[in-house]
Every structure is written in structure tokens, then in C-alpha cells.
Amino acid sequence: MERSTVLIQPGLWTRDTSWTLLYFLCYILPQTSPQVLRIGGIFETVENEPVNVEELAFKFAVTSINRNRTLMPNTTLTYDIQRINLFDSFEASRRACDQLALGVAALFGPSHSSSVSAVQSICNALEVPHIQTRWKHPSVDSRDLFYINLYPDYAAISRAVLDLVLYYNWKTVTVVYEDSTGLIRLQELIKAPSRYNIKIKIRQLPPANKDAKPLLKEMKKSKEFYVIFDCSHETAAEILKQILFMGMMTEYYHYFFTTLDLFALDLELYRYSGVNMTGFRKLNIDNPHVSSIIEKWSMERLQAPPRPETGLLDGMMTTEAALMYDAVYMVAIASHRASQLTVSSLQCHRHKPCALGPRFMNLIKEARWDGLTGRITFNKTDGLRKDFDLDIISLKEEGTEKASGEVSKHLYKVWKKIGIWNSNSGLNMTDGNRDRSNNITDSLANRTLIVTTILEEPYVMYRKSDKPLYGNDRFEAYCLDLLKELSNILGFLYDVKLVPDGKYGAQNDKGEWNGMVKELIDHRADLAVAPLTITYVREKVIDFSKPFMTLGISILYRKPNGTNPGVFSFLNPLSPDIWMYVLLACLGVSCVLFVIARFTPYEWYNPHPCNPDSDVVENNFTLLNSFWFGVGALMQQGSELMPKALSTRIVGGIWWFFTLIIISSYTANLAAFLTVERMESPIDSADDLAKQTKIEYGAVRDGSTMTFFKKSKISTYEKMWAFMSSRQQSALVKNSDEGIQRVLTTDYALLMESTSIEYVTQRNCNLTQIGGLIDSKGYGVGTPIGSPYRDKITIAILQLQEEGKLHMMKEKWWRGNGCPEEDSKEASALGVENIGGIFIVLAAGLVLSVFVAIGEFLYKSRKNNDVEQKGKSSRLRFYFRNKVRFHGSKKESLGVEKCLSFNAIMEELGISLKNQKKLKKKSRTKGKSSFTSILTCHQRRTQRKETVA
């Protein structure tokens, strides 16, 4: 800018010259010379850091404004800096008065609350703008109108933290604070348990320079995985080192830091640990203009002398520096809007306020600017920042090069912006719908996972080999194949370890877990790949992937032996009750037929049809004939008894219809009962087990099957659990192998998963599954609760399912040699063992008829005994003479001695065996004699009857 010059020669000083000089000084010089605006800064210093970062940012901003004349073309910004010790409020007040005496337009700093309150009271009394860039304890007195604070409001940050906790669905949170102000900053979160289902545990860090490892050890023991740290970035850097030392820098922990300088820390050691680390960022590095300023700052800092170790990246601009930079720019913008801004010297002891103070304060509060920390606007009432954004950032392993500067590239590489929190609209997570397919293996690639499992055929078995095997090569089976497929998809490595106690995982009465579930809870394992059932109680303490196999509980029992066919198995088609009812029906029908036949007149007939006037009538349906009619119909044989009356024919027809159905049903069932060897089992379902106590039953101790019966509310299963719990030493087994051996050797039924039963029955034909499935469940891959691997494992399992590999693996390990068919498709031929009883019945009938004939013989002999009581032998001969004859005749007898004696019978038999000629001659001679004898016997019997009559 060119400047006007006036030359005044000596001796020419006149009155006009004086007026010209006065005009130049009053009008020309102010328009042509730049205006100077002075601002003051009060900054604390420490012993090892003579110049703090806020002072450097203050100078950097003033220099940038003076170099870029577009903002203040006619004004030069100057500053006065005063340094004080920490927490020295008296020195801060004295230095503030010194700067006000110099005529500063605004005061910046200090940072700590005790000093800032003293300076703020002076500025408020003299009506000078006070600019703050640090968190300040909220003041109860609202009369402090002459200050603004660019640091986000504590209540807003507290709401942002609470929104994130709710978004992540954390049910248990640990808050670790550095000093008492942390409880004020997080009061919205601390009040959360009263409104939300969140448990909050509050802990305090030890004083400065104290070891925090005991606190971290206690947190690790208590399994506190979600931790919020409220501390400075220096403390955060030290805490992270101790967390790494304690082995708590794993993927199961999620740390959130409230400091806005988390992004500026050197976290290279923790990037590949898998830990979840989240924080806020106020710098708007997405803006190219902001990135360029950060690069300039970084270049200047790298050229400066090295600073003490603070854990920050070299040359990184902190949030404090960015806020101070923006604060200086806000004052510059306000001064640019003021046409004339003349600041006079102020004296603290006079209490005379600045004349331009209120106007300048309003200009600052009304200013709008997109600075390094985003859009800046103020609330005119309290001077606090409003409508601001907080970037939500998360630590990651690899990133994309999106920025041009080295510092910005590093920020994009280490941190990922996953959302934005706005003071008005709240939380907006922009990373919720990210493309998983492109980045699915980021956290698993080349990572070695500890896998816990249990020996269980065919899921995990020792590999058979002549050479010693080590590591994962020791094992084979379904779960090892599944692990291999998951590893191929996700790219991780794994180390398989057997669970020490050999149990799946159950909870005792004290709430303590064992088995593989405990391994996951204690984070001694990353995955549990085994036949681990997904249950409600386990889901509360660990996470599960989607099931890779579905199944249910069933009963393993010995195959029943085939029933040996009995000789009377032909009776099996009808139950004993039916046989009895059939016999009773036969007797009943016979009696009814006898009564009706006697009652109806149409069943009586004349035995002498040639003599129609005869008064003698007869009835064929005697009691014995009626019974014989019923038996003949039942046996499907004729009895030569014909009912004549309609009533008796109705009885006969109904009886025939009854016998038709009975015989048809018997015939239909006879084939099945005689040709098929029946397999009878004492139990057919869980209900059968529950109803008896002879067969002992149980499950694997501390397994999901045992837990199912223990927790079940169904009466049948409650009864079964009562049985098992009363006999725990004998009913519950240690593992499946022990249970299978008991099933084979004793009268024991094992309750286990259907897939395991399927495998066992394929290899042992003496075992079988009884009944259907008691429940329905699935096997899943277990992970510690909150594990980042669960979703990736689930996606990989679904991929294997769609490709059919899960089915192929099951076919590979379940397929056995197979067992022979239990039942032949063709009916077997009947043997003596099937129908031998029929021959026994026939023989018994023949023997019975012989004895009945003898009985009839004896009975008739007694009845027809002569009056003159002959001997036993003569009575026998008499009976034979009267009963055994060829045909009736009334001719005379040849004598008693010749009546069909034993010799006559033998003679007749001998004649029949001779030749034809001799047979005819002799038969005529002997036959005539015998025939005459028979007639004589008959005649004598007739005469005796008449005599007796």
C-alpha cells in the first residue's frame, strides 16, 4: 500500500501549513495507514512445557490472519501474551488488568477453572469480551454475559455419550473418571439407570503418576468389557499402555474416550489388536481447507524444537489448538463487521467499563463461520456454542487414502468415521449399512483364534495314525471340517484345544458356569466349535452364530429281541377277550335258537308223513342240536339242520353274518401274525419311560439335554427330571460314550441328541431310536458375548449351507456300513413253530373223542343192564351185540354166544384180505351166519324191551 508524504521546508511554516498538517493527521493518515487491533492471551505454563499448545495456536491464528488480508484488509491484528502458573488465580487477575490497561479488544484464556473464573469476573465488570476454549464448570450465576466458549457444552457431550451407549445396546457400562469434573460431564449417562435398563459401575483413576494396573486388573476380573474413560489425552495415552500390558487390548473390549483429542494420539501399537475403540472428533478434516491448515500447522510444529512426550503424533493439531484458532478468527470476523473499533485503556481499580464492549460482544455472538471445528454459532443468552457436530470415529486396521496431506492421510488410515452426532438432531450412524461383502475379512484375516471343543463322535475325534501328531492334526471329524471351511472363507488361523473339564457348559446353583461356556466367558477361547446346543440360559452369557445343524432330543435304547413264535400263535389274531366273547355268543345263540324253535309252531313236524292223522310231532332243534348248529356255522361247516320257521331263520342268518365278519377278520390278521416276527419294545415314547421305573434312564451330566429336563415345566418331563435327579449317580453319565456302553450292557435308556443317535445306530445295529423328537433345537458356534466374529461366522455358515457343503460333511461322517433290514419285504413260509398248535388241537380232539366214546359206552352199558345183573364181561358182549351191527333186522338170533364176538370180527377182517374168489364164497357163508346173528341180537333186544315194558 502506498503512503502519502508531505515535505515541509524550514522557514515556510505558516498558519496554512499548520492547518494542512492537522488535516493530514486527522483525516488522511487514518484512511491510508492500517488500523491496529490488539488482543490479549493469558496462558498457563508448566515446568517441562514453557509454551503450551494454546499459545502456539493463538500465535498461528494471528499470523494466518495478518498474512491473508482478505479477512481484515485495513486492520493489523496484534497480541499481548501473559504466562502464569497453573491454578494461580491472583496472578491471572493481575495479568488481566495489565492487558486491559494496554487497550485489548478481547481476552483469551486461561484454561483452568480457578483462573478462568477470576479473569471472567474482571471482564464481566469492565464489559470486555472474554473468549474461552476449554470445558468450564457451569456457573449458577447467569449474569456473566461478556464471554463465549467454543468448547462444546458438557450437557451436549453427555447426551452424545448416552446416545452411543443406547445405540450399541450396552446393558452394563463402567465409567472411569479422572477427577470430580468427570462426573459432572457425564451426568446424563449417570442418570440413565433410572430411565433405561442400564447398569453403570463408576470407578476413579488413581492420582497422577500412580499405577492404574490394580484398577484394570479388578475390571478384568469383573469382566467389565464396555468402559468409558473421562480423562485428558495425556492420561488416555498412559492408560492405553497399561491396558495393553494387562492383556485387555482384545476384540472383546470396547473403550470409549470422551477426550476430543483421541484421534491425535499415537495408536499404532493398538491398531492390529482387534480392540474396539471409539471417540469423538471435533476437527472437520473432511473439509479440504481445514486439511490444508492442519498440514501447515504440522509443518511448523515439526520444524520447532521437540516437545515433551505427550503421546500425541508429531505435529498433530489438537482440539484445543483448533478451538483457539477458531476463537481468534471469530474475533477477527466480528472486528471486520465493525466499521470503527477504537479500544481505550481500562483500569481495573476504576471500574469504568469499555464503551465499545457490549457492541463488540454482540458482534462476536452474531458471527457465523465454518472453522476448523465445524460451523460455529453461539447462543446469545449464555454464549455457549450451539448446532455443532461431533464426528464419531472408530479405530481400524486399514483404511483408504482419501486426503492429500500426510497428516490427513494418517487420520483416514487409522480412524474411520462411523457417524455424526448433532446437538439438535442427535445421533446419525452413517456406517450402519456398510457393505459387508467387501470388508468381511478385515478383522479376521491372518488372525489366530483359540477354538475350544470336546471329544464327541462324529464331531471331534482323535485322528488314527502310526506317527505322533501335534496341534490341530491330532483331530478330525465334522467340526474340524467345518472349521477348515470357515477358515477358508474368513481367512483366519485357529488353534484347537480340548475343554479341560470335558463338559459342554452348565450353570450350577451358585450361578457359576463350567465347560466350554466358561472358556468363552473367561475369554480363554475365541470360538467354541462343537455340538454345543443353543439354549436360552447360554445365550445370556455367550453369543451364538446361526445353527449349522438342527436336531432334537430322542431316546437311545437297545433293539428289542424278536418274539419267538408259539405253537398257539394262531390264536394271536384275536385277543383272549374276543375268543371268550365268541364262545359266549355261540352258547347264547344256541340257547335262543332252542327256545324259539320250541316256541314257534312251524318247527314241529309229523315224523310219519304217510299218516297225516298221527298226533305225534317232533322238533329237530334239541338243545344239543341247537349247539351243534351254532358250532357248525362258526366253523363254516354244514350241520344238516334246516330252520323252517321265519324266526329261527332270522336267528340263523344273523348268526351266519356274525360268523362271516369274525372269520374274515381272523383270516385277515392271521397272515400278519403268523408271517411277521414281531419286535416288541417295552417303551415306545418318553411317556412310557416316565410311567415306569424298571428301565433306568438319564442324560449326559451338565449338558443341554439335562438342562432341558431340569428347566422344563411340562409335567411328563418334570417327572422324568425328578427320576433322574433322585438317581444322579447312576442316571446321569459323564459323556456319551459312557451312556452308550450302559445302554448296551444294562437295562438303560439314554436321552441324547437325535443326530448323535443317528450316528450311533449306523454303527451299532443293536441300538435304535425310540419314538420321535422331544424338542427342536440347533448346534451353533459359540463366541464370547459381544464378539465381533459372530456375525462373520454366521454369514460364512449361511454360505456353506447354500452351497450344500454342510450336508456333504454330514453325509461324510454319518454314513456307516448300515444295518440289515429289520423286516423282510416278502412274507416268510409258515413253519411248525407258527401253526403247530393246530395239529395239537386236532390230536387233542381225537383223543377227546375216544374218551367220550368210552364214556358213552360205559354210560349206555349201565343204562341197558339186565335185571338179572350179569358179570362185567357178559354186559360188554351184550352191548356189542346190540350196538355193533350192519343193519337192522327182525329175524331171529342164532344165540348170544355167536353175537359178534372177537373171533367173528377177526374172521371178517381175515376174509377181506383173501383173494376174490375165496372172498366171495366165504363171505357168503360167514356173512349169512353173522348177519343172522346180528338180526337175532336185534330181535332179542326188541323182545327184551317189550318184556320190560
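Cβ atoms are placed via backbone N, Cα and C, with glycine included.
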Out of GLU485, GLU738, GLU753, GLU758, which is the one Swiss-Prot records at the L-glutamate site of PRO531, THR533, ARG538, SER704, THR705?
GLU753
Under the topology that Swiss-Prot records, do THR745 and LYS863 share one side of the membrane?
no
According to Swiss-Prot, which residue out of ASN68, ASN620 bears the annotation N-linked glycosylation site?
ASN68
Between ASN74 (N-linked glycosylation site) and ARG538 (L-glutamate binding site), find the distance joining the two CA atoms and give it rounded to the nearest Å.
73
I need the nearest neighbour of ASN276 (N-linked glycosylation site) among the recorded positions PRO531, SER704, SER725, ASN766, using C-alpha distances.
PRO531
Give me the sequence-ordered set of same-chain residues, not including PRO531, THR533, ARG538, SER704, THR705, GLU753, with a C-beta within 8 angstroms of the centroid of the L-glutamate site's C-beta atoms.
TYR504, LEU532, THR535, GLY703, THR707, LYS777, TYR779
Alpha-carbon distance [THR533 (L-glutamate binding site); ASN379 (N-linked glycosylation site)] in Å:
58
What does the structure give for the C-alpha distance between SER704 (L-glutamate binding site) and SER725 (phosphoserine)? Integer Å is fine.
15
By a 10 A CB contact count over all chains shown, which of the recorded positions listed here is most packed: ASN68, THR705, SER725, THR761, ASN766?
THR705
Have a look at the recorded positions ASN68, ASN428, ASN446, THR761, ASN766 and say which one has the shortest Cα distance to THR533 (L-glutamate binding site).
THR761
Provide, as an integer number of angstrom, the distance between the C-alpha atoms of THR705 (L-glutamate binding site) and SER725 (phosphoserine).
13
Within 10 Å of each Cβ, count the other Cβ atoms and name the one among the glycosylation sites ASN74, ASN276, ASN428 with the highest count.
ASN276
Inter-residue Cα distance where the pair is ASN428 (N-linked glycosylation site) and ARG538 (L-glutamate binding site), in Å:
33
